[in-house]
């Protein structure tokens, strides 16, 4: 399978060698087996380092900041980086140019998007005052949505994702959904939920943290209103790299941000007392962009050159199918249960296994250089990142899991 | 004066050599004089690069991200960096430990602080619905304050800074003031304005962008409620480095953030559906911290080891006095006028000169390797950064300014 992998060459573009392994915890003080390298299956949490990033970042720091200093805002293209990097992400989420801007955290972008979406929904139909959120959302989305609801006079209603479409009613202003559930890896129905919301007069905000770079996302084609996502998972931008915000073309002039910082002004250097928002993607900016992280991300995105998302998706599904087969073969029956849907159409790019003592099991896996992560109370998460995960990696991971559990 | 400078040795800790100069614009196509180096007087916009930052950042990228990857959130101290770096900034602004947190942009922190301050003021006295802001504020503060007012049902009233104290009335919830005016370099009265606001039942938010690292700021001593500031000017954290937020100890448990992201949760990894805010400085966090920029900043702050802010202030005032004397000596009479107050008690750490054709004059200065900046419509700004600006620098700058203007 690795020999037939059309993305196999991409693996060499990442740093995948490891640091010395952790000292094994007392309970598992057995010498770990020799493996060719750590098997890193946590790219759904923090993507691996693309090889060209350290060199580029060194240049940014020593030449652009160190020697050019303030001149770099224009000469090194710092000022326009949020839109430029946004345009690099755009094709990965099915967006045309000028619709994606990079900056701030996902949480802050959820706030911008939800408040702005409520404002648009209420302009169109003043009585709408309900905000729906999928009940199993990544927590920050729910917390931020609650704050947005409080500040805009709305009520927040959590609804299990499969029931969301039916729950959209005449009072619904906005629906906020995670495209892929961070815990189970379940892929939610973006086209259907968006269409139903629009039929019923509501707006949608999609959180793409666990889908951007993992599978095709067709934001323009499905007329999504707003979307946000992080860049440090499948996009490999580095720890805490700035997030992105997508605004639908038709809503661009109606996007009324609750965080209208000076970077989103039509003429930021006029330093005017009155706020006039910029026309394009820059309207989603707030304060001065975080240049070191932003330019590291820009360099990291070059690994996507020439990559087709259909190939990424095909490999992702093949990897998760194969991993589940290996788990069935190597792990004693009844010891783990997949929380990730079997149907391809409902699967993101991770596999989550329920397992008794999952916290200790993950510690033992990491001590044996198989790196996934543990989520409360009983979940083992394994991220499958098609640009650098091999079929041999997942077979090895399943084999070690079987040994640990046994 | 340079020989007597107790901070002179600090200069060697920064990279101050320059890139090849810009091609001189047509209008000034005279060969620039040979100077030992560019004279960088724009540290009030972007601080110079501390020498140890590139090495540290390379280690963060190649070892902590590249090899340890996800383990670095605990093993490399990534998760606690916002509070740890906050505690490094705290003594520079007169704050005790646990009161400063680093993350997000200044604009986003202004939003947190203003909304939270309004909530506290209204809890204490429900009728308060007015937000005062200094009329010459850096634009982003005014824009964000207007958004905060709109979302909390308040009215924004801009008032010229010298009249602010008198303007605080029974309806005033919050006063938002820039400690130093970004344009003129005027230092506003923090102790007096804060005391008056408290006497009249209002809360204060101070923006320290142009004072943190430039002069002593005694936040705890003057019982300031909230403060924000950037870290890329006098704190030399790098372009767009994350900003900081200070919350007064007595208000810690009442700080009700409008951006309650998962990083501010009491137990972030419990991934709980209900939001319970953290107790300490972490309550001001929002999303995943921007690690590359944050750790570059942390390294940059090591240049402050052993530095007394009283020495910084004394040198800053001596530099601006000397620069103004050199300007008087070298620039033909009547060609420039200082917008920066003469009284030391009203002066920050920059000198702003009004000058006809200021835009072209600054271009000519930069072509001759004297780097300040231009602000609309007619202002030349020269930042004096006591850790690396010498008296010879400012004398040279004044001499070149005289030649250019003549």
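Cβ atoms here come from the backbone N, Cα and C positions, even for glycine.
Residue B:106 (pyridoxal 5'-phosphate binding site) falls within a helix when secondary structure is assigned with DSSP. According to TrEMBL, the feature pyridoxal 5'-phosphate binding site maps to B:106, B:107, B:138, B:139, B:140, B:141, B:207, B:210, B:232, B:262, B:288.
Sequence-distant neighbours of residue B:233 (N6-(pyridoxal phosphate)lysine) (same chain, six or more apart, CB under 8 Å from its CB) are B:43, B:44, B:45, B:46, B:47, B:209, B:210, B:212, B:213, B:214, B:383, listed in sequence order. Residues or ranges marked as N6-(pyridoxal phosphate)lysine in TrEMBL: B:233.
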What residues, ordered by sequence, lie under 8 A Cβ-to-Cβ from residue B:140 (pyridoxal 5'-phosphate binding site) and sit at least six positions away in the same chain?
B:106, B:107, B:110
For residue B:140 (pyridoxal 5'-phosphate binding site), name the DSSP secondary structure in the helix/strand/coil scheme.
helix
Rank the binding-site residues B:138, B:232 by how many other Cβ atoms lie within 10 Å of each Cβ and give me the one with the fewest.
B:138
Name the residues of the same chain, 6+ apart in sequence, whose Cβ is under 8 Å from the Cβ of residue B:288 (pyridoxal 5'-phosphate binding site)?
B:263
Quick one: largest C-alpha distance among B:106, B:107, B:138, B:139, B:140, B:141, B:207, B:210, B:232, B:262, B:288, binding pyridoxal 5'-phosphate per the record, in angstrom?
30
I'd like the Cβ neighbour count for residue B:106 (pyridoxal 5'-phosphate binding site), meaning other Cβ atoms within 10 Å of its Cβ, all protein chains included.
28
What's the number of neighbouring CB atoms sitting within 10 A of the CB on residue B:207 (pyridoxal 5'-phosphate binding site)?
30
On the three-state reduction of DSSP, what should I expect for residue B:233 (N6-(pyridoxal phosphate)lysine)?
coil
In the three-state scheme derived from DSSP, which category covers residue B:207 (pyridoxal 5'-phosphate binding site)?
strand
